[in-house]
Amino acid sequence: MTKGAPVKKAAAVKKAAVKKAAVKKTAVKKTAAVRKAAVAPKKASAAVEGAPPAKSVAKPPKNESRTALVRRARRIDRELAEVYPYAHPELDFENPFQLVVATVLSAQTTDLRVNQTTPGLFAKYPTPEDLAAADPEEVEEILRPTGFFRAKTKSVMGLSKALVEQFGGEVPGRLEDLVKLPGVGRKTAFVVLGNAFGRPGITVDTHFQRLVRRWQWTDQTDPDKIEAAVGALFPKGDWTMLSHHVIFHGRRICHARKPACGACPIAPLCPAYGEGETDPDKAKKLLKYEKGGFPGQRLKPPQSYLDAGGKPAPPLGAG
Ligand code: SF4
């Protein structure tokens, strides 16, 4: 609703009291919308409350032309952008060094767990020089909660040493340099490029791989080939946000085991609709985007997320 609409309506009935009430109603509605955004993506809840999308669901796109595929893929991304206007990297970081370390630590654990661990790590070892010269046992102790802590200690200390020895203690902003760092593959490199350097990158993580296969954007299974195939469907400038939208959707609605199809806002565009629960009420119970009552895994989320009504996730075990 536009800001002026209720005022116009009030003018039509020419009563100041009605005018006042209409303005008040808008304010209430707006507050409710913000509150709603804090607990559920707008479109997703509409899908739950409205008629099940089964009737309008897309048939698997047999012999879909290249143009039709590009159109469908971009439409899915546009819809997801509306559902998750606050999509962002879910690792807390303040500089490229923190992001590259946090991304390496995020293997086989949740971003929330990493966000709870990195403040202690960076307080003690704020620079690559500090971490490179650390006592490995002390680092292991700090990283223990993230799992695979010995291997992760080796990786983050190794990459810190490489940063100091080869790049003057700075994280390089080029793909070909990043992938030379120990423990840094293309996925981590693109996370860093896209989010710390503002250079477009596609993050092919487990969610991304699963969802693009479900949507039949590509039948490739190798992450590098998926990255190339999906990258070719979108303008380069969309890559970073596309990755966030897809990963947000995979974490919250289109889960690996039980996708919540009956509560999915892009069901009409999805050839895999029905792979998960289609009953709207049952599907609603599968939604996982709420964490302690609010979506998100960051302890220090970006302002855009807070502006959209999101709140930082509480510490693990709280609430
Ligand atoms: S939840 Fe179901 S309908 Fe939605 S994208 Fe995943 S498989 Fe498709």
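A Cβ is built for glycine as well, from the same backbone N, Cα and C atoms used for every other residue.
As recorded in TrEMBL, the features of this protein are as follows:
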type     : residues                       : note
REGION   : 39-66                          : region 'Disordered'
COMPBIAS : 39-60                          : compositional bias 'Low complexity'
DOMAIN   : 105-252                        : domain 'HhH-GPD'
BINDING  : Cys254, Cys261, Cys264, Cys270 : [4Fe-4S] cluster binding site
REGION   : 292-319                        : region 'Disordered'
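Cβ-based neighbour count (10 Å, all protein chains) for Cys270 ([4Fe-4S] cluster binding site) stands at 24.
For the binding-site residues given as Cys254, Cys261, Cys264, the lowest number of other CB atoms within 10 Å of the residue's CB is seen at Cys254. Apart from the site residues Cys254, Cys261, Cys264, Cys270, the chain places the Cβ of Arg214, Ile253, Pro259, Ala260, Ile266, Ala267, Ala272, Tyr273, Glu275, Gly276 no farther than 8 Å from the centroid of the site's Cβ atoms, the recorded [4Fe-4S] cluster location.
In three-state terms derived from DSSP, Cys261 ([4Fe-4S] cluster binding site) belongs to a helical segment.
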